[in-house]
Amino acid sequence: MTSGLHSPVYWEKFRIIENPAAAVPLCQMIADHFKGKGIELVVGPTTGGIILAFEVARLMGLPAAFAEKLPSGEREFRRGFKIKPGEKILVVDDVLTTGKSIREVIDAVSKHGGDIVGFGVLIDRSETPLGFGAELYSCLRPAPPPTYRPEDCPLCKSGQPLKKPGSS
């Protein structure tokens with residue numbers, strides 16, 4: 001996984017994102033949940049978060065923006081995207097595991113003085129509450145699958161080859 005952890009379960013978000021018949025109803029769930037909360041802009045991190053944030057924004061009749069990863073590892077709003085101080089922001093992403101991408105977006109929004117109202121994700125597979133400082137809504141929260149540090153991974157110890165389907 002992007003986190004560097006190993007797991008016998010991997011949620012391939014792009015199987016959902018590539019299929020509008022599957023993705024749009026999930027985005028509608030997020031849009032419906034945050035309706036009436038004064039949101040002015042929907043943002044997401046690259047890669048999967050771009051598509052989902054755009055669709056949630058479309059469903060809510062709002063603009064969308066995305067935060068790109070810089071070589072330093074930080075995220076930044078580029079390409080002319082502007083966040084106004086005090087602007088009410090909804091952050092949308094695909095799969096939440098460690099919260100790293102969302103924390104990077106929080107930092108990018110904070111640099112502009114935006115006010116994050118909430119977070120919407122398709123799947124929350126975090127093991128413990130991550131406490132982002134605003135409401136987290138997840139379309140799906142399965143029992144978290146086990147994760148292991150590479151040196152403790154029973155799959156590696158048994159000789160099973162790792163698959164790295166991709167990261168974003």
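Each Cβ is built from the backbone N, Cα and C atoms, and glycine gets one as well.
Where the annotation comes from TrEMBL, it is an automatic prediction and has not been curated.
Annotated 5-phospho-alpha-D-ribose 1-diphosphate binding site per TrEMBL: Lys69, Asp93, Asp94, Val95, Leu96, Thr97, Thr98, Gly99, Lys100, Ser101, in sequence order. DSSP assigns Lys69 (5-phospho-alpha-D-ribose 1-diphosphate binding site) to a strand segment in the three-state reduction.
According to TrEMBL, the feature orotate binding site maps to Thr97, Arg125.
For 37-128, the entry in TrEMBL reads domain 'Phosphoribosyltransferase'. Helix, strand and coil residue tallies for the domain 'Phosphoribosyltransferase' (37-128), in that order: 25 helix, 33 strand, 34 coil [DSSP].
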Length of the line joining the Cα atoms of Lys100 (5-phospho-alpha-D-ribose 1-diphosphate binding site) and Arg125 (orotate binding site), in Å: 13
Count of other CB atoms lying within 10 Å of the CB belonging to Asp94 (5-phospho-alpha-D-ribose 1-diphosphate binding site): 25
Binding-site residues compared (Thr97, Thr98) - the one with the fewest other Cβ atoms within 10 Å: Thr98
